[in-house]
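In what follows, a single structure is set out as structure tokens and then discussed.
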Amino acid sequence: MFHSAVDIQPACLGLYCGRTVLSVNGSVETYGDCGVCPRGQRTDDNKICRECMGSPDRYDWLYLGFMAMLPLVLHWFFIEWYSGKKSSSALLQHVTALFECSIAAIVTLLVSDPVGSLHIRSCKVKKLSDWYTMLYNPSPDYITTVHCTHEAVYPLYTIVFIYYAFCLVLMMLLRPLLVKKIACGLGKSDRFKSIYAALYFFPILTVLQAVGGGLLYYAFPYIILVLSLVTLAVYMSASEVESFKDLLVRKKRLVVLFSHWLLHAYGIISISKLDKLEQDLPLLALVPAPALFYLVTAKYTEPSRILSEGGNGH
């Protein structure tokens with residue numbers, strides 16, 4: 001009768017420390033010393049490093065989609081912010097930013113394991129601590145630390161950094177040439193400002209993922225809903241939209257409205273995960289509700305009207 005190496009070797013301390021499988025002879029496995037698992041592996045219940053052979057579930061893909069959308073939305077925001085109202089170059093820059101992020105996403109999937117496929121193998125996320133294995137390195141004698149830091153959520157943590165790197169490279173290759181040719185309506189100092197902005201927000205996004213990746217993984221559906229609601233209210237207020245007629249005056253306002261509706265739907269789908277279609281799909285009917293509520297109540301909350309009624313009251 002064979003005994004597993006776990007029974008005859010000293011206990012493997014630490015939440016994420018494990019023993020690598022050195023060799024397999026029939027039903028008998030030989031294990032190495034307790035330590036860090038190689039990339040692409042994580043410990044099982046017996047503290048043995050096992051290959052990540054699963055696939056991301058629906059929620060994992062929704063999280064990756066959210067992280068992929070962040071640079072695109074920021075690109076669009078700064079392009080719109082710096083392009084000027086009379087510039088005709090904004091639309092082409094928007095399309096270029098979409099092209100850059102789409103190609104970066106495809107290339108990122110192709111270079112991930114298995115290489116050359118749009119599918120990726122992954123380890124299942126079990127709890128928040130899986131994202132922060134560096135905080136759980138054990139110190140058996142309170143002097144020597146056993147370093148067992150590895151990517152327990154492989155590849156959800158590092159794949160985002162790879163994607164941001166490709167986004168940055170593609171932007172630096174394509175956007176300056178495009179902007180130089182088409183942004184004739186802008187001054188020399190203004191035409192590259194959207195690119196300069198990206199050079200600031202990409203490092204910020206990288207730090208955000210490095211420090212708060214696990215928190216974002218669990219909170220991103222609610223972040224999407226809150227931000228989309230706030231930004232929609234701010235935009236409609238700044239654009240002085242008070243009725244459906246005001247929305248129809250400019251096509252740009254409709255585009256912004258539908259974009260926010262898509263974000264609302266994405267947030268609702270991420271929260272519900274569409275596990276039970278008959279219960280979750282009706283929730284999508286709530287997508288237009290915030291905009292409709294704003295349009296119905298906007299005329300009652302106009303500052304000038306409130307001030308005039310207050311003055312008449314006195």
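Every residue gets a Cβ built from N, Cα and C, even glycine.
Feature annotation from TrEMBL assigns transmembrane segment to 61-79 (among others).
Marked as transmembrane segment by TrEMBL: 91-111 (among others).
The transmembrane segment annotation in TrEMBL covers 154-174 (among others). Remote same-chain residues near the transmembrane segment (154-174) are listed as 39-42, 52, 56, 60, 63-64, 67-68, 71, 75, 96-97, 99-101, 103-105, 107-108, 111-113, 120, 122-123, 125, 131, 195, 198, 202, 205-206, 209-210, 213, 217 (criterion: CB distance under 8 Å, separation of at least six residues from the stretch ends).
Per TrEMBL, transmembrane segment is recorded for 195-216 (among others).
Long-range neighbours of the transmembrane segment (222-241) within the same chain, counting only residues 6 or more positions beyond its ends whose Cβ lies under 8 Å from a Cβ of the stretch, are 66, 216, 247, 253, 256-257, 260, 263-264, 266-268, 270-271, 290-291, 294-295, 298. Feature annotation from TrEMBL assigns transmembrane segment to 222-241 (among others).
Annotation comment: TrEMBL describes 253-269 (among others) as transmembrane segment.
A Cβ distance under 8 Å defines the sequence-distant neighbours of the transmembrane segment (281-298), meaning residues of its chain 6+ beyond its ends; these are 229, 232-233, 236, 241-244, 247, 257, 260-261, 264-265, 268-269, 272, 274. The feature transmembrane segment is assigned by TrEMBL to 281-298 (among others).
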